[in-house]
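J.: Sharing a structure here in C-alpha cells format.
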C-alpha cells in the first residue's frame with residue numbers, strides 16, 4: 001500500500017515525459033474534443049451529442065459546434081477512431097475533426113516586473129519626434145470613444161483599477177473554461193499577465209492617477225481567455241469569431257513557436273473565422289485583426305512562415321526600439337505592414353502598462369507590446385470614421401506610416417515611390433495623420449482576386465532556380481487588377497533541408513520582396529505544401545508585366561529539391577493609379593500647409609479640398625470639425641463630404657437607410673432605401689499535395705544520410721527524457737522514505753513553504769479527494785486557491 005502513491009507518480013511522470021518528447025518531435029497530440037459541422041441548428045447538435053455520449057461545449061460559429069467526451073483521454077498520441085467513426089455515421093454530421101493541441105507562444109520578451117510608479121510614456125508624445133504622434137490625434141478630439149477592442153490572450157484582469165472603467169463584458173469570454181469571465185489564472189510566476197498588459201496599452205483609463213494612459217483611453221476593452229489551456233483549431237476559431245458585430249478590433253500577440261524551424265498557421269476553422277470576420281464583421285465592413293509579427297529574431301525566424309501574420313486578413317505589426325533600431329527579437333518578412341515602438345537594449349526604455357494583481361509595469365516588451373499600441377491607434381482612426389472597411393484601414397496605414405527615424409539596411413523604394421522595409425513595413429504608425437486622412441476617406445473599390453498558374457511542369461531547384469512569367473493581371477476579365485494590394489506566391493516544393501532556402505519575388509515594377517530568408521535551425525525535409533508567401537511591398541503598383549521568382553540554396557551543401565507548383569495570386573482593384581485629389585476651389589481658410597479647413601458657402605470639404613459636389617460614395621453633411629491652431633484646437637461647423645454607409649454606392653445621408661444606389665453585388669430596396677447583399681460564394685478547398693517526384697538512384701545515398709541526420713534530435717530528446725525519468729524516480733523515492741508523507745489519493749504538488757496556485761477550486765476542496773476530469777467544475781466564483789504546504793519534504 002505504501003508503494004502505491006509513488007508508483008502512480010512514476011507512471012504519471014513517465015506518461016507526461018512521453019507526451020513532452022512527442023511534442024518535441026512535432027508529433028500530433030490529440031485532445032478529447034471534436035469540431036463538428038451539423039445541420040439543423042443547436043437543438044439537433046445537442047441531441048446528437050447526448051445520443052453518442054458527447055457534451056456540446058457550444059457553437060463555434062454557424063453550424064459548427066465544439067464537442068467534448070469524458071471517456072476519451074485528454075491528451076493522446078493517437079486519435080480515438082471508434083468515437084470518431086460513430087459520430088461520422090450520423091446523417092446530420094457533415095464534417096468532424098478530433099482536435100489537436102497546438103503550440104502557441106506569447107510574444108513578449110520575459111523580464112522581471114519592477115515596482116509600479118506613475119510613468120512617462122515616451123512613445124505617445126516624445127520631445128524628439130520619436131513617437132507615434134498620438135497627442136495630435138487626441139488634440140483632434142479622438143480618444144477611442146464608441147470603439148470596442150478585444151485582447152485574444154490569457155485573460156484580462158477586469159477589476160484592475162486602470163481597466164475597470166473601460167471594461168466591456170460583451171467583448172470578453174473564457175474559451176478555456178467555457179464561461180463569460182476572462183479573469184486570468186493566478187500563479188506564483190504571474191505567467192498569465194500577458195493579456196492584462198496588452199489591454200492597458202489600448203485602453204487604460206486616463207486622469208485617474210493609476211499607472212499610465214491607454215492610446216485609446218475612452219475605448220471599451222475586453223479580453224478572451226484562450227491561451228491558458230489546450231489551444232486547438234476550435235478554440236482559436238471561437239476566439240476570432242466572438243461577437244463580431246459588437247467588437248471592432250481584435251488584438252493578438254501570439255502565434256506558432258518562434259523557434260526558426262516551425263511552419264504553421266490557422267487550420268480550417270480559424271481560417272474560416274478570419275474570412276467570416278472580414279466579410280461579415282462590423283455589419284459587413286469587416287473585423288480588424290491586429291497581429292504581432294513575432295519574436296524569433298534571435299533564432300533567425302521568418303514571420304512569413306507564420307500563417308497568422310502572413311494572412312491578408314491580419315494587419316501585421318513589427319517593433320522598433322526607442323532609438324529607432326531593429327530589436328534583437330524582431331523578425332523580418334514581406335508581410336509586415338507597419339511598426340510601433342517596443343523594448344530594445346538595456347539602455348533603452350520599454351513600454352508602460354497595467355500589470356497583474358492590480359499593479360503597473362514599465363517593462364512590457366517584444367512585439368507583444370507593439371500590436372496593442374497599433375490596435376489603440378486603429379481605434380482612434382475608427383472613431384474618426386466608423387465606416388472604414390478592413391481594407392480601408394490597411395490603405396490608411398500604408399499611406400500615412402513614416403520611415404523617418406527608423407534605421408535598417410534594407411530600406412527600398414517600391415514602384416510607386418514609397419519606402420518599405422522587411423523589418424518595419426512602411427514605417428512607424430502616425431496616429432495624427434491616420435485620423436486626419438480617415439475623416440474624409442473615400443472607400444476603396446471592392447476587392448478583386450486574380451489567380452495565375454505560373455508553372456507548367458515541375459522544375460529542379462538545384463543551386464538556384466529562376467522562374468519568369470509575363471502576366472496581364474486578368475486583363476479583359478471581371479477580376480482584372482491594375483492597382484495592387486496583397487500579393488501571394490503559393491508554392492509547393494520538396495527540399496531535403498528547408499532552412500537553407502531563400503525565396504524572392506520581383507514585381508514588374510522592380511520591387512524585390514524576400515518571401516523567405518534562410519533559417520539555420522530549420523532542418524526539416526518537409527518542404528512547403530501550397531504555402532501562401534505574402535508580400536505587401538508592391539502596394540498600389542500595376543501588376544501587369546514580368547514577375548520573377550528566385551529560389552536559391554544559401555548553403556554550400558549539395559542539397560536537392562523540386563518546385564512542383566507556383567500560383568501567383570493578386571489582390572487589388574481596377575482603379576487606374578492613385579486617386580488624384582479633387583480640384584480645389586471655394587476655400588475660405590487655408591492652413592500653413594495649404595490644406596483647406598473651411599469652405600465657402602455652396603462648397604463642401606473633401607480630403608482637405610473644397611468641392612461643389614461630393615464624389616460617389618460620399619454625401620454632404622454639416623458637422624463640427626476640429627481645426628488645430630498653433631496653441632489650441634478650434635471647433636468649426638462646416639459642410640463636409642462624409643462617407644455613405646458601406647452597403648451604399650451613393651447616398652443622401654450616412655445611414656444604411658439613406659442609399660440612392662447600390663454596388664454591383666447588391667440590390668436597392670426602393671421603399672426602405674437599403675441595399676441587400678448577395679451571399680458570399682464558397683471558397684475553393686485547398687488542393688491536395690501532389691505525389692513526390694521520382695528521384696534518380698544516385699540521390700538515394702544523400703537522401704538516406706539526410707534522413708539519419710534529421711532523426712538525431714529525436715534520439716537525443718528520447719534519451720534525455722529517459723534520464724530525467726530515472727532521476728525523478730530515485731529522488732522521489734528517497735524523499736518519500738525520509739518524510740513518510742502519504743498523498744492519500746490527492747493530486748497536489750507541494751513545495752516547502754511554497755505558494756501553490758490552482759485554478760477553480762476553493763480551499764476546502766483540498767480536504768477531499770479531487771474530482772475526476774469528467775465531472776462538472778464547481779465553485780467558479782473563486783478563480784484561484786492558494787495552498788501553503790507546511791510539511792518539510
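The backbone N, Cα and C atoms fix where each Cβ goes, and this holds for glycine too.
Annotations for this protein, taken from Swiss-Prot, read as follows:
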type     : residues      : note
ACT_SITE : 153           : active site, charge relay system
ACT_SITE : 194           : active site, charge relay system
ACT_SITE : 368           : active site, charge relay system
BINDING  : 174, 179, 181 : Ca(2+) 2 binding site
REGION   : 160-186       : region 'Disordered'
REGION   : 673-698       : region 'Disordered'
REGION   : 766-793       : region 'Disordered'
MOTIF    : 772-778       : motif 'Trans Golgi network signal'
SIGNAL   : 1-26          : signal peptide
TOPO_DOM : 736-793       : topological domain 'Cytoplasmic'
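Show me how these features fit into the structure around them.
T.: Annotation for residue 153 (active site, charge relay system): spatial neighbours 106, 194, 195, 198, 223, 224, 225, 226, 227, 252, 253, 254, criterion Cβ-Cβ under 8 Å with sequence separation of six or more. According to its DSSP assignment, residue 153 (active site, charge relay system) is in a strand.
The Cβ neighbour count for residue 368 (active site, charge relay system), using a 10 Å radius and every protein chain shown, is 29.
Neighbour count (other Cβ atoms within 10 Å of the Cβ, all protein chains): 15 for residue 181 (Ca(2+) 2 binding site).
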J.: For a quick check of packing: other C-beta atoms within 10 Å of the C-beta of residue 174 (Ca(2+) 2 binding site), how many?
T.: 22
J.: If you count Cβ atoms within 10 Å of the Cβ of residue 179 (Ca(2+) 2 binding site), leaving out that atom itself, what do you get?
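T.: By my count, 14.
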J.: Cα distance, residue 368 (active site, charge relay system) to residue 174 (Ca(2+) 2 binding site), nearest Å?
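T.: Here the two Cα atoms lie 20 Å apart.
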J.: Under DSSP, is residue 194 (active site, charge relay system) part of a helix or a strand, or is it coil?
T.: helix
J.: Note the mean pLDDT of the topological domain 'Cytoplasmic' (736-793), expressed as a whole number.
T.: 34
J.: To the nearest whole angstrom, what is the C-alpha distance linking residue 368 (active site, charge relay system) and residue 181 (Ca(2+) 2 binding site)?
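T.: Checking the Cα atoms of residue 368 (active site, charge relay system) and residue 181 (Ca(2+) 2 binding site) gives a distance of 23 Å.
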J.: Mind giving me a neighbour count for residue 194 (active site, charge relay system)? Other Cβ atoms within 10 Å of its Cβ, every protein chain shown.
T.: 26
